[in-house]
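Asks: The following block contains the structure, expressed as structure tokens.
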Amino acid sequence: MSTTGQVIRCKAAILWKPGAPFSIEEVEVAPPKAKEVRIKVVATGLCGTEMKVLGSKHLDLLYPTILGHEGAGIVESIGEGVSTVKPGDKVITLFLPQCGECTSCLNSEGNFCIQFKQSKTQLMSDGTSRFTCKGKSIYHFGNTSTFCEYTVIKEISVAKIDAVAPLEKVCLISCGFSTGFGAAINTAKVTPGSTCAVFGLGGVGLSVVMGCKAAGAARIIGVDVNKEKFKKAQELGATECLNPQDLKKPIQEVLFDMTDAGIDFCFEAIGNLDVLAAALASCNESYGVCVVVGVLPASVQLKISGQLFFSGRSLKGSVFGGWKSRQHIPKLVADYMAEKLNLDPLITHTLNLDKINEAVELMKTGKW
């Protein structure tokens, strides 16, 4: 029976308040309005961004909310005026929209679409939510809210992909893989024969490693306090790995000793201010580039010695790996289907939505 135009009742993982665990609830998902798409979410990743939300009571979020932004699914229905997807299409959800009209979208080097700011309201463009639970309106998150069996997203935050793509794998292209891989390829523009250091070997960091390898880096040094991550990092391209806790000197001094002149390209893939300072200090003093890939706390100010900038070092931000979301994501999926990209090592566990709190615990212990 068709559900077009009807309210859909389904399961969602709701955060009712800061610091609380996810609660699996039945929610009502309203039909899409103009320029909106309702999607059956088939697969979604648990990203470090959600972990930061769960671990902080100080983020400027509205509750209750449905998190999740790393998703893939099938279009269930479309609102008036939608022209780029149709019911039955396989799609990837995009926390970073591409409106195609703003200054960033029209600039060949830009990808930070102005419509991203809409996500901060945690509502749709008309100022309302498409989710309700127990008679209460539930806030959206990150333009996507994929921790729900069905979600409603603006058309500019949806990318149609290959009809035979495995959604349980390509959902990672929705954020983690693209963010890390693109940070190396697009943001840093890693050069052949260069030396790279990746601080943090989670899913995003491993994707950075793959990006550095694809760009032709001669030496890729992985840095993490969890030695269990080293084997996979080396399988994906890291030439060596270091645990700062095992070193007698600060990591930046060790990296200078190992390379004689410092690192060409450093990547902070954790979202830790102290690690960022160490990564920047590890860069070659004449031309080293440090890219901030991890999400840093918005409420904390950077404290980096000004002496580090009495040099040719560069510190760069990166959002979604520099990709223009709707334009480039289908191409990345096509590359995966052509076996040019490897997502499989990034998948450690597959759980049902009602096991989401178990997934959180696995990630906290470094097993996810």
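Heads up, the Cβ atoms here are built off N, Cα and C, so glycines get one too.
What Swiss-Prot lists as phosphoserine is Ser23. The annotation Zn(2+) 1 binding site is assigned in Swiss-Prot to Cys47, His69, Cys175 on the grounds of similarity to another entry. The Zn(2+) 2 binding site feature in Swiss-Prot is assigned to Cys99, Cys102, Cys105, Cys113. Residues or ranges marked as NAD(+) binding site in Swiss-Prot: Gly200, Leu201, Gly202, Gly203, Val204, Gly205, Asp224, Lys229, Val293, Gly294, Val295.
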Asks: What is the nearest of the recorded positions Ser23, Cys102, Asp224, Val295 to His69 (Zn(2+) 1 binding site), using the Cα of each?
Replies: Val295
Asks: If you count CB neighbours within 10 Å, which one among the binding-site residues Cys99, Cys105, Val204 has the smallest count?
Replies: Cys99
Asks: Please work out which residue of Gly200, Gly202 has the most C-beta neighbours within 10 angstroms of its C-beta, and give that one of the binding-site residues.
Replies: Gly200
Asks: Around the C-beta of His69 (Zn(2+) 1 binding site), how many further C-beta atoms are within 10 angstroms, looking at every protein chain?
Replies: 24
Asks: May I ask which of the recorded positions Ser23, Cys47, Cys102, Cys113, Cys175 is closest to Gly200 (NAD(+) binding site) if we compare their C-alpha atoms?
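Replies: Spatially nearest to Gly200 (NAD(+) binding site) by Cα position is Cys47.
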Asks: If you measure Cys175 (Zn(2+) 1 binding site) to Cys113 (Zn(2+) 2 binding site) at Cα, how many Å is it?
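Replies: Rounded to the nearest whole number, the Cα-Cα distance is 15 Å.
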Asks: Taking Cα atoms as reference points, which of the binding-site residues Cys105, Cys113, Val204 is nearest to the residue listed as 'phosphoserine'?
Replies: Val204
Asks: In three-state terms from DSSP, label Cys105 (Zn(2+) 2 binding site) for me.
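Replies: Its secondary structure by DSSP: helix.
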Asks: Need the DSSP three-state call for Val204 (NAD(+) binding site) to compare against my parser.
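Replies: Where Val204 (NAD(+) binding site) sits, the three-state DSSP reduction gives helix.
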Asks: By CA-CA distance, flag whichever of Cys47, Cys99, Cys105, Cys113 among the binding-site residues is nearest to Asp224 (NAD(+) binding site).
Replies: Cys47
